[in-house]
Amino acid sequence: MVKVGVFGANGRVGKLLIDDLKLSENISLSSVYVRNSLDFSIDPSVLVSTDMKSFLNACDIVIDFSLPEACEDLLEAAIKTPKPLVIGTTGLNAHQLNLLKQASENMPILYATNMSLGVALLNKLVHQASAALKGFDIEIVEMHHKHKKDAPSGTALTLAHSAASGRGLDLNKVRVSGRDGNIGERNSDEIAVMALRGGDIVGRHTVGFYNDGEFIELNHTATSRNTFSKGAIRAASWLAKKEAGLYSISDCLEI
């Protein structure tokens, strides 16, 4: 039985992880990490700890859905107490991503901006479409609930990277995050990423390929956050058997 520690237990996905782990086979919840206290009751056999080392020692693998600053703390602690990590936290900055890569030299880490099977497949389709539809303009629109803090979403940026790599482009040089005023004509290499926020939308991503006379839109809609929690549990079961290294959700799903 693989023992899982949940980091970010008070968050939306963290709470779902705890519920979904109760129904999982060959994998169980052993510990949760909180900065102050847990917002809800939990099985007394599960360790609830504010001490990072105790939390890590009580589990075989960690699933993280927290905030970038908290994820950074986890990575720094895991370097000293290596554990396989499934990281679903989005909005990581360059320093935090470098820390993640450094940590993966000593432990297996699966990092994904979206844990769903559908988005993993969408990334592959976007890469293929981008390569095949040369001359088509690429625009990406993402929609999320009004409480989401980072924009654009990590998923949208991953999709943009897939589109850019399909054409051999450097996303940092062609990405557009917004348009306003008299900006002139659209550059043919532009990949625009737009973010909308409102209501309780779990997540919707649309990647459009637009040409004169026709267009194609690929989209994915998440209707429940259980998609992310179940995907993370599947990833944890897979990662527990792996050697040190940095893995993606596509590696796990063999897409």
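The chain as shown is numbered from 1 upward.
Backbone N, Cα and C define each Cβ position, glycine as well.
Taken from Swiss-Prot, the feature active site, proton donor/acceptor applies to His144, supported by sequence analysis. Sequence annotations record features per position, and here Swiss-Prot assigns active site, proton donor to Lys148 based on sequence analysis. Positions annotated as NAD(+) binding site by Swiss-Prot, on the basis of sequence analysis: Gly8, Ala9, Asn10, Gly11, Arg12, Val13, Gly88, Thr89, Thr90, Ala112, Thr113, Asn114, Met115. Sequence annotations record features per position, and here Swiss-Prot assigns (S)-2,3,4,5-tetrahydrodipicolinate binding site to His145, Gly154, Thr155.
Positions of the features from Swiss-Prot, shown on the structure.
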| residue | record | Cβ contacts under 8 Å, 6 or more apart |
| --- | --- | --- |
| Gly8 | NAD(+) binding site | Gly14, Tyr33, Asp64, Phe65, Ser66, Leu67, Ala70, Thr89 |
| Asn10 | NAD(+) binding site | Val34, Leu38, Asp39 |
| Arg12 | NAD(+) binding site | Phe65, Arg225 |
| Gly88 | NAD(+) binding site | Val13, Ile63, Asp64, Phe65, Ala112, Thr113, Asn114, Met115, Phe228, Ala232 |
| His144 | active site, proton donor/acceptor | Ser153, Ala195, Leu196, Arg197, Ile201, Val202, Gly203, Arg204 |
| His145 | (S)-2,3,4,5-tetrahydrodipicolinate binding site | Arg197, Gly198, Gly199, Asp200, Ile201, Val202 |
| Gly154 | (S)-2,3,4,5-tetrahydrodipicolinate binding site | Thr90, Gly91, Leu92, Thr113, Asn114 |
| Thr155 | (S)-2,3,4,5-tetrahydrodipicolinate binding site | Thr90, Thr113, Asn114, Val119, Glu142, Gly203, His205 |
DSSP three-state assignment for Thr90 (NAD(+) binding site): coil
Distance in Å spanning the most remote Cα pair of Gly8, Ala9, Asn10, Gly11, Arg12, Val13, Gly88, Thr89, Thr90, Ala112, Thr113, Asn114, Met115, given for NAD(+): 20
Protein Cβ atoms within 10 Å of Met115 (NAD(+) binding site), excluding its own: 26
Other residues, Cβ within 8 Å of His145, Gly154, Thr155 Cβ centroid ((S)-2,3,4,5-tetrahydrodipicolinate site): Thr90, Thr113, Asn114, Glu142, His144, Lys148, Asp150, Ser153, Ala156, Gly203
Residues near Lys148 (active site, proton donor) in space but at least six apart in sequence (CB under 8 A): Arg197
Thr113 (NAD(+) binding site), number of other Cβ atoms within 10 Å: 22
